[in-house]
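Novice: Dropping a structure here in structure tokens format, bear with me for questions.
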Amino acid sequence: MDTAFTEHRTREPESGLATIVTDFSADQRAFRNVSWGKAMMWIFLLSDTFIFGTFLIGYMTARMSTAEPWPNASEVFALEIAGQHLPLILIAIMTFVLISSSGTMAMAVNYGYRRQRRPTAALLVVTALLGAAFVGMQAFEWTKLISEGVRPWGNPWGAAQFGSAFFMITGFHGTHVTIGVIFLLIVARKVIRGDFDHGRPGFFTGRKGRYEAVEIMGLYWHFVDLVWVFIFAFFYLW
Amino acid sequence: MADVPLDRVAETATTEVEDLSLHHPHSWLTRYVFSQDAKTISIQYTVTALVIGFIALFLSWLMRLQLGFPGTFAFIDAAAYYQLITMHGMMMIVYVLTAVLLGGFGNYLIPLMVGARDMVFPYANMLSYWFYLLAVVILLASFFAPGGPTGAGWTLYPPQAILSGTPGQESGIILMLVSLIVFIAGFTMGGLNYVVTVLQGRTRGMTLMRMPLTVWGIFTASVMALLAFPALFVASVMMLFDKLFGTSFFMPSLIELGTRLDYGGGSPILFQHLFWFFGHPEVYIVALPAFGIVSDLIATHARRNIFGYRMMVWAILAIGALSFVVWAHHMYVSGMNPWFGFFFATTTLIIAVPTAIKVYNWILTLWRGDIHLTVPMLFALGFIVTFVNGGLSGLFLGNVVVDVPLSDTMFVVAHFHMVMGIAPVLVIFGAIYHWYPKVTGRMMNEALGKLHFWITFLGTYAIFFPMHYLGLLGVPRRYHEMGEASFFPASAQMLNAYITVLALIVGAAQLLFLFNLIWSIRHGREAGGNPWRATSLEWQTPETPPPHGNWGKEQPAVYRWAYDYNVPGVAQDFIPQNMPPEAVPLGARPASGGMS
């Protein structure tokens with residue numbers, strides 16, 4: 001640094017990569033209008049993406065390496081409703097319910113930013129109910145499969161890894177949904193109590209909450225939905 | 001760097017959270033035990049990891065006793081030896097090196113060096129430590145479980161890891177996997193803190209390109225850890241399923257003691273891929289913080305600006321990115337498609353380029369510098385030499401044709417301990433000697449420190465250098481004795497005995513460090529706020545040791561990069577990062593601008 005420090009060198013106009021670096025490395029915040037909580041949620045979701053990605057890659061490898069035939073998912077997950085044989089019907093309903101919950105979540109975020117307490121809380125509760133319905137149907141699906149003899153270590157139709165991967169991946173995703181439902185209800189309670197209007201400190205963290213919490217909750221919820229789309233495609237449709 | 005225009009300063013509010021919302025402790029319990037202050041959490045992490053480190057060191061002593069004097073100690077039989085090797089490896093890599101460098105140094109240095117009052121989520125940060133402690137307790141519990149800790153080798157390869165015949169398969173392996181899962185959950189909470197604090201929590205004027213390289217190293221390593229640990233997490237969950245529920249993710253059909261097991265159709269290679277997708281980035285998760293810390297130690301104690309700061313940053317990022325595409329060089333002998341070997345050998349050798357940039361830049365920083373051979377500087381210099389040596393043997397092992405004969409010999413042990421064992425440990429020691437005055441307000445004893453350095457540095461060389469030779473002779477690793485392999489010359493066993501004696505001495509010499517660490521808390525020389533006359537922000541705190549909130553009334557504003565040492569025309573040989581341009585004392589300076 002042989003330039004005198006008292007005067008500031010003005011830089012040559014930058015181009016290409018250099019401008020990106022300058023913008024990104026700017027004062028205080030790399031992402032200008034992103035709060036700490038939102039940044040944390042995005043980075044957490046990136047890490048969680050790697051977890052689900054690895055689960056799915058593990059499942060695909062197991063499916064390729066096993067010598068046994070892979071059970072036909074359409075038949076395994078078919079239901080007899082009113083005498084009709086409907087392949088994948090329950091999964092289709094579950095997917096519809098979960099995707100719909102993303103819609104109500106998005107509406108909740110919208111009302112949250114308008115600071116309308118009642119519709120925000122109501123939509124959060126609706127989202128939680130849809131999520132709970134999803135978990136309930138998953139429980140039904142697990143019960144049905146278990147009663148038909150599917151176990152983590154084997155099943156009547158072919159490769160044992162079918163049951164292993166099924167219980168592991170849907171279980172891990174279902175856990176995510178369940179945690180999401182719990183936090184949706186917590187956020188809904190905070191909204192209806194007016195915590196975000198009065199800046200009431202959190203019970204554990206002592207931090208004042210803001211309506212942005214609804215949006216951060218939404219990020220998580222949409223992620224869980226998106227993961228389901230991939231599980232649906234790779235496990236049920238393949 | 002210094003040439004970012006100043007008008008960017010003071011654009012945004014200083015903090016997102018007002019000072020009052022920092023959770024200030026009210027009782028002894030919330031101040032020292034359940035503390036949300038990153039500095040206290042850092043000390044908790046470091047002390048816990050040091051305890052584990054000494055346990056793991058003791059385990060390595062037992063291993064060396066068996067290798068040096070086979071059969072003398074009856075209680076170290078083959079099973080016990082495998083248990084020792086497994087626990088030593090896993091403890092040192094995950095529970096010591098990762099925990100100290102990220103949980104310990106990350107927590108202390110990131111908020112102070114970027115001028116923040118604390119980590120952005122202090123509560124999650126506190127949970128991170130308690131998860132880590134829980135993981136440690138679960139791991140240590142396996143020593144007292146029926147069957148003892150797992151002896152699967154630190155890589156835990158299936159199928160043998162969970163089959164009978166492997167020591168600790170009753171419960172040790174379960175505790176190990178559960179402990180890893182808890183550790184990863186805990187690390188995630190800490191890692192998110194480190195990353196978001198660096199990205200979004202810096203003080204006014206602290207651009208990314210003004211951050212000390214220590215922060216760059218820890219930041220990049222934290223990002224890598226958040227992306228690499230998921231693979232280990234998933235691998236642990238799947239193996240736990242294989243063990244507990246009888247699934248066959250990693251288990252092929254096999255016959256055990258004449259009985260066909262219920263397993264079948266799984267892929268043991270899948271575990272190796274998952275493990276090393278974590279395992280190779282893990283090498284750099286440990287190395288990058290060490291790189292960063294060494295850069296700062298060298299610049300400070302050689303009174304020179306770091307050479308090629310921008311290149312140093314890019315090299316850190318390049319190494320971080322490349323380390324995700326080299327993992328299968330650990331699997332050349334696992335039975336992969338040969339083309340994979342070609343690909344992974346190429347990527348592995350490419351990593352040598354950014355790494356060499358860093359080494360050259362360290363040397364050029366030292367070139368004609370005003371080198372003060374303080375204890376931290378000695379350790380930093382020791383690191384460079386050790387790292388270059390260990391890195392060069394890595395180039396051997398990165399090539400498939402050279403790796404195949406050397407694989408599973410002591411050559412690998414030598415390479416690995418030089419580059420990932422001794423090198424980061426030297427940095428950890430150097431960093432503790434360097435930042436101890438900030439943490440306690442007192443200096444560590446210098447004479448003891450120098451003695452500790454020379455015994456450790458020369459001793460570890462004397463231990464690990466001959467192992468290369470043993471490896472070239474073909475002495476296998478992970479064997480608890482050489483057995484009846486008559487083709488080894490008798491000198492191989494003599495060399496083993498010599499290594500063991502040295503390992504005992506060098507291990508015992510670490511008590512010097514432990515003594516110094518504890519003794520200096522009360523009896524060390526008063527350090528003052530900035531004993532090394534360093535530029536970075538942690539040395540400019542109004543109080544030493546810094547209180548909760550770090551900065552008193554107002555957070556510092558930053559006007560320059562962290563390496564303004566010996567600037568021509570300035571009356572002192574360093575300019576702190578937070579010194580406004582108009583306050584810099586101009587004028588001539590005595591020719592020897594050293595420390596008084």
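Note that Cβ sites are derived from N, Cα and C of the backbone, with glycine treated the same way.
Heads up, TrEMBL stuff is auto-annotated, nobody curated it.
Among the features that TrEMBL reports, domain 'Heme-copper oxidase subunit III family profile' is placed at A:41-238. The transmembrane segment feature in TrEMBL is assigned to A:39-62, A:88-109, A:121-140, A:160-187, A:217-237.
Show me how these features fit into the shown structure, please.
Specialist: With a cut-off of 8 Å between Cβ atoms, the residues of this chain six or more beyond the transmembrane segment (A:39-62) that come close are 31, 161, 164-165, 168-169, 172-173, 216, 219-220, 223, 227, 230-231, 234-235.
Proximity of distant same-chain residues to the transmembrane segment (A:121-140), defined by a Cβ-Cβ separation under 8 Å and at least 6 residues beyond the stretch ends, is recorded for 90, 93-94, 97-98, 100-101, 104-105, 107-108, 111, 170, 174, 177-178, 180-181, 184-185, 187-189, 191-192, 214, 217, 221.
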Novice: Sort out the residues at least 6 away from either end of the transmembrane segment (A:217-237), same chain, that have Cβ-Cβ distances under 8 Å to it, and list them.
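Specialist: Same-chain contacts beyond the ends: 38, 41-42, 45, 48-49, 52, 56, 59-60, 73, 77, 88, 91, 95, 98-99, 101-102, 105-106, 108-109, 124, 127, 131, 165-166, 169-170, 173, 176-177, 180, 183-184, 187.
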Novice: Per-residue pLDDT averaged over the domain 'Heme-copper oxidase subunit III family profile' (A:41-238) comes to what?
Specialist: 94
